[in-house]
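Summarising the annotation, TrEMBL assigns domain 'Cyclic nucleotide-binding' to 798-899. Residues or ranges marked as transmembrane segment by TrEMBL: 15-37, 49-67, 87-103, 115-140, 220-239, 259-283, 304-325, 337-362, 374-394, 406-424.
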Amino acid sequence: MNISGNSTSNVGEQGIGTVILFLSFGVLAACICKLILSQLLKNKVPAPFTVIVLILGLIIGIITAHINQMNNDFLLGEQELNGINPHLIFFIFLPLLIFDSAFNSRFHVIQPQIISAILLAGPGVFICTIIVALCAVYIFPYHWSWIDALMFGSILSATDPVAVVTLLHESGASKSLAALIDLESLLNDGSAFVIFSIFKDIVIKKATTTTSIIVEIVKFTMGGPAFGLACGILAVFILNLLNNELEIEIISTFGLAYLIFYLADVELGVSAVLAMVVMGLYMAKHKYCISSHVQLPIASTWRIIIYFINILIFMITGIILAHSLVGTQKHVDAIDFGYSIVLYLALHIARLLAAVILHPFIKWSGVNLSWKEYIVLVWSGLRGSMAVILALMVDSEKVIDEMTRHRVLFHICMIALLTLTINGTSSKFVVRFLGLNHGTPESETVLLQALQHMRKQTSEQLYKMKRDKQFTDVDWIILNEYLPEKLVQEMDAKRRTSVHRRLSITPEHDVIGVPADSRSKIVTSAVELSEVPTIIENDAVSHASISSQHCTLHHDFVLRMFGFRATDSHKSQNMRNELITRFLTALSVDYEKQWYIGKIRRSTLYILIESVEKAKHHCSLKLHWELLVQECRLSPFLWYLIRFNKINWVNKQSARLLFDHIFLTIELILAFHSARTRMENIRLLFPELVSIDPQIWNEVYQETSFYHQMATYILLDLKESYPVCWRVEMTKRCAQMLLKYESTAIKELYQTGMLGETERSHILELIEKKLFNLEFSHVKMPKTEQKTIENTFDLLFFVRSIPDSEKLTWEAIIKSKHEWFQPGEVLIEKGKIVSSAYLIVRGVVQCEIDTHYIMYRSSNIIGIDALFSKNLTAYGTYSVSGGLMEAYRIDTTLLNQLLVDDNIAPSIYCEIASHILSNKYQQNLKLNRLQVTLLLQNRAKFYRKQNGLLIHVEEYDRLFLVAGSISYCSKGENLVYDSILFKVFQTPTDILLDRSTVAYTWKNEDEIYLVKNDTINSRFSIQNFGSISNDLIYPRYSAQLVELSEY
């Protein structure tokens, strides 16, 4: 199409049309280049795709720059783009590029790098600016002023390492290094732009006073991030109110990027780049503000748009570079090319110097980079579109003399061209030469086992196919090209690795024809499940769980604490860390699945994912559990509110908030409860992983079992302590399951033609609405179901034995002793004198003894043995486990009151005897802690206030004297014994009690009965945990759902 007409509007319209024509051609040409690189050249060209697009634009620009007559639309379109206003590029492309880099970043990966990135983007940019300015003043013969030189240096401080970051991600190198380079680029774009704006304003006489310069610096550096943070908070709040609104949520993110960028730069005059970075990072941290069903589409949409924008911007940059190099010829001599090379070297020296100076501070921030990674960090300082845009802005300022503008533009374009072509193209060789294209030895080992698993599975499938008659005509030799070995060979050729060689020497076990259940048995034998500790509480675990442990009669059933052996080698520690990291990664995917199918809320998911990522950073399952326990703590405000307890309205509000907190605790612990199940799945589905190091795997497996059983214990206590909360939460889960089932059924009915499009969409809309309501609220319980927490006094184990006429009196007596305790709070320290015992009403207390935990719950009185006996110190350190604890503090005065009451005393003495026998005389008994309690409650005879009673004991009978004294005749001698005493009689004996005597007697047969009888069940057994089935977490239909991708 030729240009006709002299109308300005017609020329403008045709100019737009020619630009679209040229850009369309450019995009298609870039796509063709991509196909040639991947399909014909098999990706053998080392240059990244963005550099190829830049070179393509450069070639087109150089050719068209030497064409004098612009007589067709293609050339006119190229001419229009060459003269494009740099501010237009700034406002069209930069908002999306910066927001995408921040919003679609893995915040949990870059979070540990934030301080290091700020160091590189702050002092690092300043160092680079100073060195470039020194080079411009003392090496360049241009006689630039220091202001001009500093403005020039600030432009070259803006890096664009997109090619290197992409390469690092593809090569499997350190994620932390790639994250640091990417985040540093984001932040130093902002800081470099701030420095550039300050010096440009000075050059063009906009800022003339010291005060105005300081105001501008503060406004840019503080105002931009503050505005971005405020917008991020508002955006997250609004997006949280949307539920699976696909189009609205995706379009909103694009609209936000442009709107906030414009408001920051034009209306507020703050740093738009820093505002966009902060807003994007805040939204990345709260990425689940995007609905579950929109997560994948929005990621795909942004990926396509950014791919398209990168093509456009690098094509335009190439054209501008070409015309800039050609257009500045009258002010540029041949020696200026040499100065550009000197400047290129100076930039790397500046970046190296910045890395050396900042190394101690980067290490202090927790980022430990090797010298090889520092080389990549220095080499990744590419200059790209941002630097060119800033140079064009300088070139558009007519206040600056033409020679300075052209020389600035020339050198910036040369540096962009050199860094993109040299550094961008050679980065792959640098990474490979330094050996950073491989993972750690441990990750390579895990990869090898994963490939071994794939080879074995493929072998089984191939064996079945060979026996299938429909495949009798298959050429099995040709099929070898599609086996895992061939795929690994091609991967090695692409990555320059030797995985196939290592896989070839790995023995391939003959598993063909072996039933799956037999293989599972083999794997189970490799990890001795009998070594996994079983949780047994002081008064509640069935004997059925004891028999499976193959323990001695004197074994204590407790939770064993875990720590890695100090004598293990560094290699073993690394392998253990690798396995834990893999497991925690699987756990985070597990949490996302639970959110995806509606089992946990967004707020709960944030907590779970954040704790997982912190645990991954430290390679610690224990840290993940501890962080979850911290979330079970009450906020200071609610903590004060529930202890205030004086105004009725305040009590109602505190009860409502407490209910919400209990709901959160139940959700968190239930979600974590899947940890053991996830580990079981990995163990059964991928037995090769176990074979890497069975001992390490066994330790990790036991550690997950330990925390799983801790979660089990807390869940069971929550179920009994807060039945209304538990019922509401379980009802909510069932409601979500039913709605998901209904949604699946509706889709199936539609696919079979039983439902029309209109009915399907209406019903699914109603289902989504109900699911959304459950996300932010709870199910409505019947009005008869009072949302109140039971009175703590009514939960006490001895209340049932108190006459109704005395209950009010006792409630008034102990009311002042009621206290709340937070998770992790230490109640009694080991070896200390105990001044108060604690009667647990709700919650779980763990007693740490050497390498074990003993768990106590409702109705247990911890520290009662030391308080009663006075001469005993605390047996262990008692602290509140995960979840709140309510208890009554029992001092000596209250204990004496309880022991005087004839209705209450038997229960209290039973608790005292149970603790003393378990803690002091365990080695003399055949029983564990639970069995001691059951013995005293059900089998032993209790004596109290029976002055002058003569009792007869047989041979091997036992007597435990709790208080007072006894007398008996032995070998013709009258003996008197005072409490506390445990004795096994070797001959039949008559014992005389006095009024102060409190004692228990039982027979040897009673102990044997408790050990051997499998029918004894406790009221609070681990086996009763079936009511919290994993089906509530993983409904059967969940396998049909699309899994979330890892971000």
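Glycine residues also receive a Cβ, built from the backbone N, Cα and C atoms like all the rest.
Residues in the domain 'Cyclic nucleotide-binding' (798-899) partition by DSSP class (helix H, G, I; strand E, B; coil) as 29 helix, 35 strand, 38 coil. In this chain, the transmembrane segment (115-140) lies close to the transmembrane segment (337-362): three or more C-beta pairs between them fall below 8 angstroms, excluding pairs fewer than 6 positions apart. Of the candidate ranges 49-67, 87-103, 220-239, 259-283, 337-362, 337-362 contributes the most Cβ pairs within a distance under 8 Å of the transmembrane segment (406-424). The stretch in closest packing with the transmembrane segment (337-362), judged by the count of Cβ pairs under 8 Å and taken from 87-103, 220-239, 304-325, 374-394, is 374-394. Listed as Cβ neighbours of the transmembrane segment (259-283) (distance under 8 Å, sequence separation of 6 or more from its ends, same chain) are residues 91, 94-95, 98-103, 105, 107, 110, 186-187, 189-191, 193-194, 197, 219-221, 223-225, 227-229, 231-233, 235-236, 289. Here the domain 'Cyclic nucleotide-binding' (798-899) returns a mean pLDDT of 87 for the predicted model. Panel annotation: around the transmembrane segment (49-67), residues 26, 29-30, 33-34, 37, 75, 78-79, 82, 162-163, 310-311, 314-323, 325-327, 417, 420-421, 424-425 of the same chain, lying at least six beyond its termini, place a Cβ under 8 Å from a Cβ of the stretch.
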